[in-house]
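*Asks:* The structure that follows is given in the form of structure tokens.
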Amino acid sequence: MISGETMASSMLINRVPSSIVLPLHGNVYPNGYYNVTLNIGQPSKPYFLDVDTGSDLTWLQCDAPCVQCTEAPHPYYRPRNNLVPCMDPICQSLHSNGDHRCENPGQCDYEVEYADGGSSFGVLVTDTFNLNFTSEKRHSPLLALGCGYDQFPGGSHHPIDGVLGLGKGKSSIVSQLSSLGLVRNVIGHCLSGHGGGFLFFGDDLYDSSRVAWTPMSPDAKHYSPGLAELTFDGKTTGFKNLLTTFDSGASYTYLNSQAYQGLISLLKKELSGKPLREALDDQTLPLCWKGRKPFKSIRDVKKYFKTFALSFTNERKSKTELEFPPEAYLIISSKGNACLGILNGTEVGLNDLNVIGDISMQDRVVIYDNEKERIGWAPGNCNRLPKSKSFII
């Protein structure tokens, strides 16, 4: 039985195959984040939002009035009296762990906590999002967002207006757009190694036969391709069953303690006899190497470093590999050293979770297909915005 609602939205979607493409700004180093500009409200005002596939809710720092807000590029968002009631399904989805009590039925309180220790507390409101579609139409749907009046800055803090949550949950902007029949529930991004890139919602910008797909783990809260095996230079390392997730809100990639130590010893073994030595005076990242003279780009060092990979097994026992060439795990610091952008996740409280961050997603299109519950990747040119109807892959 297809309910009337799903039927209506699938008919709508079949009528309007369309996507939204948004330019990204930022880089892995030195900024440490990518953000997108969204125009919200009537009259519409621009806001810079961090792009985060690791959380669902989109929120803005909000003058409601503000109890504690952090530095922001634009004036704080001022809500109109458009509160989301406590019993709304989107509100309930934010309190899915069973502690959903409506002390004030007229409003929906939320709290989001991030892995770096930062948090946002506030109420849910609705407002118009002014969006351009690849079908050359403009729509201004009314969507739910957080009015955050109490923020605590985390360890990787920088001035922002808010966060664009692109997770799998009901409160995610793409889930909301999809339930209105405006786009398919598919998110993709292409982060350029030179900085910038683009984000897209919808599924008509790529040829899916050219994408390496692996199923999304159904029980995981985040975008997880399930368990991976670490291979180094095409050979098995013995590190298996690594629970993995993709997170555009993390600049670097994190491996659990054992896999991290294992990878470092393999890298160091490869470097013995090469003209590189550890740069103990460079604090940019935990492990940096210097050469005879400062490096200008990854091109100067990539010949000393091998490619490693995470290999995911699909239900048909076929394997999908995500390769990490040197460009996907090294940065050149301001001192001209090569630093390892893979960090020890156990040390920062991720326990056994392995997180694929921005550094390892550069210069490829990564697609989170919530319609078919799969994650895919393919090489892409992230320096040009795709035009409507032209495939990026």
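Note that Cβ sites are derived from N, Cα and C of the backbone, with glycine treated the same way.
Features from TrEMBL:
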- 34-378: domain 'Peptidase A1' (DOMAIN)
- ASP52: active site (ACT_SITE)
- ASP247: active site (ACT_SITE)
*Asks:* If I take the alpha carbons of ASP247 (active site) and ASP52 (active site), what is the distance between them in whole Å?
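*Replies:* About 7 Å separate the Cα atoms of these two residues.
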*Asks:* Can you give the mean pLDDT for the domain 'Peptidase A1' (34-378), rounded to a whole number?
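*Replies:* Averaging the confidence scores along the domain 'Peptidase A1' (34-378) gives 95.
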